[in-house]
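All remarks here apply to the structure that follows.
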Amino acid sequence: MSIFCKTLLKPEVEEYLRATFKNAEITTFIGPLKAEEKYESLLNNLAHPPAFTSVRVNTHLGSVEYVRHLLSKEIQKQYENFSVPVLRHPELPDMLLIPVLGPRGLGIKMTEPIYRSPSFDNMLSSYVFLQNLPSSVVSYVLNPQSGQRVLDMCAAPGGKTTHLATLMHDEGEVIALDKIADRVKKIEQNATLLNLNCIKAFCYDGTKALTDRKIDGQEGPPFLPASFDRILLDAPCSGMGQRPNLAYSWSLKEITSYQPLQRKLFRVAVQLLKPGGILVYSTCTITLSENEEQVAWALETFPCLQLKSQEPHVGGEGMMGAGLSPEQLKLLQRFDPSEIILQGIDCYSLQNVNYEDLIRLANKDCIGFFIAKFIKVQ
């Protein structure tokens, strides 16, 4: 017996989210019926896991192909009767993808497990890092260079921090901030596990990371203006893009509380960035207020900022509804669960699907996520 389910929301949250995905710009462009279909698709898809488990290779310790070979052998030990491929992503050189086997759209099946994906407990822990695909895209979009000074403002647990350090070949300086001590320890543990030495983690509130007077010999926060070449603001958010999520317990007040905090952090980030530097803003949520509306506010508030194109751009464009132009929306990157057509993946269908189709599915069928890239002009 099986049932199809969708994410359950509090009534006021469902009304708020429906208004977001059926805003005037969207309904004018695609029509109210299509907008309603997309919203219902969103609730259904949020309740189910992404089609792939994605892992990032620590290229600081080994080549992608070497680790892929090791990982394939470890995964195969967990599957007796069939082979599960470990795929390389063509645009994310250090990302490996493992299909999650199971029916798509199926919510509950009482007699057996629905989805099958390998356990990664203590599996090649120094070589691979579990990371959602869009979270890996963020570091490539920021594009840190060896020798630069980079700030990760809300860094815990350190997945993006360690990725930035790896892309920099562990040369330069990555400052990681988080205001909770136990989470800072996790950043340090991950840096040690992955053998990365350029990361310096501090227990500090990012909203207070700016100062106009630096104490001699103090290497940690707060920092003087124009101290960083690159800044990542992976902002605290409502997290409504996470999957799977069968029930979302937060109130509308809680969900809408993040926009002011994000703006406080953004103001500090702009001042800490050097002229000519790059600022990437990202969230793992799907609301307009935390994503495209923040971009519109930033462009109006800070004339020194301009949107930049993103590479790689494997997600969709930004969502209508915040007053941004079509050209501006194309410069944004939104991973939108409402765009997914759920597809079943099993050991038999894998034999009949080509590589390019699997990659296209992986790029779409992932968590909800948003990325904006800015340059601070001279």
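Including glycine, each Cβ sits where the backbone N, Cα and C put it.
TrEMBL: automatically predicted annotations, no manual curation.
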Residue in Asp216, Asp229, Asp234 which TrEMBL records at the S-adenosyl-L-methionine site where Cys154, Ala155, Ala156, Pro157, Gly158, Gly159, Lys160, Asp178, Asp205 also bind: Asp234
Spatial separation of Cys284 (active site, nucleophile) from Lys160 (S-adenosyl-L-methionine binding site) - C-alpha basis, Å: 13
Cβ atoms near Asp205 (S-adenosyl-L-methionine binding site) (within 10 Å, other residues, all chains): 17
Per DSSP, three-state class assigned to Ala156 (S-adenosyl-L-methionine binding site): coil
Nearest of the binding-site residues (Cys154, Gly158, Asp205) to Cys284 (active site, nucleophile), judged by Cα-Cα distance: Cys154
Among Cys154, Ala155, Ala156, Pro157, Gly158, Gly159, Lys160, Asp178, Asp205, Asp234, the record's S-adenosyl-L-methionine binders - longest CA distance, Å: 19
